[in-house]
Amino acid sequence: MGNADLRSLAALSDVSFDDLGGSVVAVDAHNWLYRYLTTTVKFTSESKYTTSNGEEVANLIGVVQGLPKFFEHDMTPVFVFDGAVTDLKDDEVEKRREQRQKYESELEAAREAGDSTRVAKLDSRTQRLTDTIVDTTRDLLELLDVPIVDAPAEGEGQASVMARRGDVDYVGTEDYDALLFGAPMTLRQITSKGDPELMDFAATLEHHDLTWEQLVDAAILMGTDFNEGISGIGPKTAVKDLHEHGDLYTVLAARGEHIDHADRIRDLFLDPAATDDYEIPDSIEPDIDAARTFVTDQWEVDADEVARGFERIDDSVVQTGLDRWA
């Protein structure tokens, strides 16, 4: 999920969706889905996001509600899905699993007590991306002709490499780790109602007089998904130490500290596993009727819940009048 402390280092500015027309955005699919599941559609009534068999379908509502924003502004979304979990992340994954189990126990108790406020809060904390959520999301995206890329490891790393190659214009994610992966321009808050926030990699480095390697070193000192940080080191101290000592290893030596697998963690950000097995299409032709049938008939989503979203997708295909949208 990244280190939120990076926000204080990031060069951020507001940008209007109206200024993003014609751009291609590599969306961190798991991050995008998680945001919708925990903040956007998770708080509708339970009957609207589960089937009669108890299968969760909030992700499908999220896709139908979230894609129009791209289409209406003539933006091409490319959804990048995570691959294998890096072994260095195993401890973090286990920690989150244990925390989720704790919340699930508390959630059950809150339900038994009839505490709806507590239930709503804990419901989002117990959210996880099941195989069904991922598979049905992919199926719906394919029906809507939205490009999909399968990353060999971190989806965010793959998206950032695509941006550095010039194959896409932006990375779309809430995580600040996109900076560490070297994404030139990142759009945050793309699931929010308003305009997104632009995170500028080059401006971040320039503002703090850091190299890319030093920015990664700063993050490692603070702590990443792959390691615990050094106690007492936040953004300001990390930058100060790097200006004084030059790199991660010299800082650690000066402080008498050690971080396991520091070389590997650096490489995970500076040279992430990535594939070139993808295509960015010149045109997208969503099969809206098939997508609607998939969502409402096969997965039992209330037709009224997604009617406006499909209408907006249909309208945007007509209104753009450009080759990208057939």
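In case you wondered, yes, glycine gets a Cβ from its N, Cα and C as well.
The Mg(2+) 1 binding site annotation in Swiss-Prot covers Asp28, Asp82, Glu154, Glu156 and rests on sequence analysis. Counting every protein chain shown, the number of other Cβ atoms lying within 10 Å of the Cβ of Glu154 (Mg(2+) 1 binding site) is 28.
Annotated Mg(2+) 2 binding site per Swiss-Prot: Asp175, Asp177, Asp225, in sequence order. Under the three-state DSSP scheme, Asp225 (Mg(2+) 2 binding site) falls in the coil class.
Residues or ranges marked as region 'N-domain' by Swiss-Prot: 1-100.
Look at Swiss-Prot and you will find 118-246 tagged as region 'I-domain'.
Annotated region 'Interaction with PCNA' per Swiss-Prot: 318-326, in sequence order, evidence recorded as sequence analysis.
Restricting the binding-site residues Asp28, Asp82, Glu154 to those with a CA within 10 Å of the CA of Asp177 (Mg(2+) 2 binding site) leaves an empty set. Residue counts for the region 'I-domain' (118-246) under DSSP, helix first, then strand, then coil, are 66 helix, 18 strand, 45 coil. Burial estimate for the binding-site residues (Asp28, Asp82, Glu156, Asp175, Asp177): highest at Asp28, by number of other CB atoms within 10 Å.
The two recorded residues, Asp225 (Mg(2+) 2 binding site) and Asp28 (Mg(2+) 1 binding site), show a Cα separation of 16 Å.
Here the region 'I-domain' (118-246) has a mean pLDDT of 93 out of 100.
Listed in chain order, the residues near the Mg(2+) 1 site other than Asp28, Asp82, Glu154, Glu156 are Ala29, His30, Asn31, Val80, Ala151, Ala153, Gly155, Gly157, Gln158, Ala159, Thr173, Asp175, each with its Cβ within 8 Å of the site Cβ centroid.
Taking only the Cα positions, the spacing between Asp28 (Mg(2+) 1 binding site) and Asp175 (Mg(2+) 2 binding site) is 9 angstrom.
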